[in-house]
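As recorded in Swiss-Prot, the features of this protein are as follows:
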COMPBIAS  9-19  compositional bias 'Basic and acidic residues'
COMPBIAS  86-95  compositional bias 'Polar residues'
COMPBIAS  109-119  compositional bias 'Basic residues'
COMPBIAS  133-149  compositional bias 'Polar residues'
COMPBIAS  164-178  compositional bias 'Polar residues'
COMPBIAS  179-213  compositional bias 'Basic and acidic residues'
COMPBIAS  243-272  compositional bias 'Basic and acidic residues'
COMPBIAS  296-323  compositional bias 'Polar residues'
COMPBIAS  339-351  compositional bias 'Basic and acidic residues'
COMPBIAS  372-383  compositional bias 'Basic and acidic residues'
COMPBIAS  414-427  compositional bias 'Polar residues'
COMPBIAS  437-452  compositional bias 'Polar residues'
COMPBIAS  471-482  compositional bias 'Basic and acidic residues'
COMPBIAS  483-492  compositional bias 'Polar residues'
COMPBIAS  501-512  compositional bias 'Basic residues'
COMPBIAS  556-576  compositional bias 'Basic and acidic residues'
COMPBIAS  603-613  compositional bias 'Polar residues'
COMPBIAS  667-679  compositional bias 'Basic and acidic residues'
MOD_RES   Thr18  phosphothreonine
MOD_RES   Thr58  phosphothreonine
MOD_RES   Ser70  phosphoserine
MOD_RES   Ser183  phosphoserine
MOD_RES   Ser231  phosphoserine
MOD_RES   Ser324  phosphoserine
MOD_RES   Thr552  phosphothreonine
MOD_RES   Ser620  phosphoserine
MOD_RES   Ser623  phosphoserine
MOD_RES   Ser667  phosphoserine
MOD_RES   Ser675  phosphoserine
MOD_RES   Ser678  phosphoserine
REGION    1-95  region 'Disordered'
REGION    107-522  region 'Disordered'
REGION    383-396  region 'Interaction with SH3 domain of ABP1'
REGION    548-679  region 'Disordered'
Amino acid sequence: MPSEVTPKVPERPSRRKTSELFPLSGSESGDIKANSEPPTPAGTPNVPTRRPILKAKTMTSFESGMDQESLPKVPLQRPVRRSTTEELNNVMNNTSKELEEIESLISKHNIHSVSRKKSPTSVQEGKAAAIHQNGQRSASDNKTSTNPSPLEKNEHKGDEGNESAISPSNSVNKSNNEVTEHSDSEDLTEKQKVHAALDNEAGDGSHFEEKLIPGDMKVPVDVSKDVEEGSLNALPPSGITESDDKAEKFTKHPESSLEELQKHQEQQEEKIFQNPTDEESTTSLNEKQEGKDNMEVNSQPQGPSDTETVIAATSSNVPSQIASEEENDVPVIPRSRPKKDFEAHVQKEELPNTQEKLVSEECDSTLISTEEESKIPKIPSERPKRRAPPPVPKKPSSRIAAFQEMLQKQQQQDLHNNGNSSATTASADIAKKHTDSSITSDTTKADFTSKLNGLFALPGMVNPGQLPPSLEKKLSSPDTESKLGTQDQSQAKTGPLGGTRRGRGPRGRKLPSKVASVEKIEEDDNTNKIEIFNNWNVSSSFSKEKILMDTTPGEQAERALDEKSKSIPEEQREQSPNKMEAALCPFELDEQEKLPANAESDPLSQLPQTNAVGNRKAISEESLSPSEAIANRDQNDTTEIQEQQMEDQMEVDMERELSGGYEDVDSALHSEEASFHSL
């Protein structure tokens, strides 16, 4: 791509400098300036020539409604994620050891705790142990924590509610490490606290609900939050409300709470089982059960939680604060017993990886054991049972049994007949050669063989007495075939033509008279009638113009005479035949005179005239049908002769026209005019 097409990305505009909420010293302000971004110039920023591809997703001042709002600093490095499985295993091991020690202590001091009374020394010892423990925790926090930058202090002062959400992974890891490091140091203090709690319980039975847990057994403190903030030089302002305390309590790590809840529950159960007289006091616990959130908030209204968080955060001012807050450092025991469902829920959230590992290991072990067991052959404890005998077939029905008996009888009869015929022929020959004893033995053998041959039928075998129908037809004589044909015909005649079926009309009603009066027609197949009729007739009718154009004047005269003869009745023909002939003769003479001399010399021209007259009379006498005319034509040659004469006459006329038989042109024209007028 050319350089002109590629877009130029403008530089990102620098942010404005945020205002400081609190003034800082010179050293701190120098560090902040070194770490902060370079300040923007006093003049207006340069507007980019082109629009950037993606718009910066930052909150503007008018959207938030605050012009001077401190923004949290994004860490330069991403926090390293640590595996929680090892830490959880360490926590579980430490808690199991602590529980064993507590159980041993409770079993030793259980008998003496009932007779003891509450003393001021025990209370003072518990307070001193709690103060000593807080001091140890603050010292360890100072060792492990790093000095934060001044910018982080400002962020903490500006927005305390969002601190718990900035780096939750670091806080979780640090809290886990602190629990594992201080587990040994807390063992001694816990023993003292248990003694104090037992003394308090024995001294006053009415306050069992309030003093059931020792001094240190309370809702855990969010130490990780204070570690992130670092060691502050001054305490937070006194305007912190109860809502801040509640928010801190909800962000506390669940592992420490789980440990203390387990301890509290086990101690409470052991005390109840060992002291049955105190069961009446525990009835009020079930009545006062509340939700998880209310339990955590109401358990410590303004007690040691606030003091402990402040002491853990400020290591330099610990001794001065302890002296002023010794009176409020008395531990507070929650009034309601925690729910078991909550414990199970927390435990499931805390230990998901360990449970998955245990389940996977159990599955692997079960698979390995099943594979090993499958390889080892097993000896059956019981001997396999024998198969039951096949079921007995049911008896056939009466009809099937009767049919089988009939077939067996027929087969036996056929075999017996065949065996007798073969045995008679064999016995006649053997009688001449052997004695009666030999004859009887031979007959028995022949009977036996004949029976065997008949019993086993092979494909293609036929009984000798019965032939297939195809062979019988071939071998039978023509006389027998004719007899069979006549028998079949007689059976066909005698049998009905077709089965008469009753109509599907309504039953119980009479048919109408028209249908009932109809007679059935019965046809006789023996009689045959022949009828002959004419399917078609030929009639030719030509127009007069075509006839005059095609025929000669002589033929025209003949046709005119035929028409006249038809118009004259037959009686007149019989009376005056001579007159008709006389009338015809002068007409013919006139025609002959008109003809030229060449035509007179031709003898063929006279033949058609004479023959035509004779034939005309014959045709006029009878009007024959086309079939009769065709038959007469085939028998007589008169029609062929007439056709030949007509052809000859046509040739003569053509030659005369072509040769110019007319002497003058005028005669030819007059002849044409005469023919035209005649048309």
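Cβ from N, Cα, C; glycine included.
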Item to check | Mean of pLDDT values spanning the region 'Interaction with SH3 domain of ABP1' (383-396) | outcome: 80
Next on the checklist: Within the compositional bias 'Polar residues' (86-95), count helix residues (DSSP H, G, I), strand residues (E, B) and coil residues, in that order.
Outcome noted: 10 helix, 0 strand, 0 coil
Checklist entry - Using DSSP, what's the helix, strand and coil tally for the region 'Interaction with SH3 domain of ABP1' (383-396)? => result 0 helix, 0 strand, 14 coil
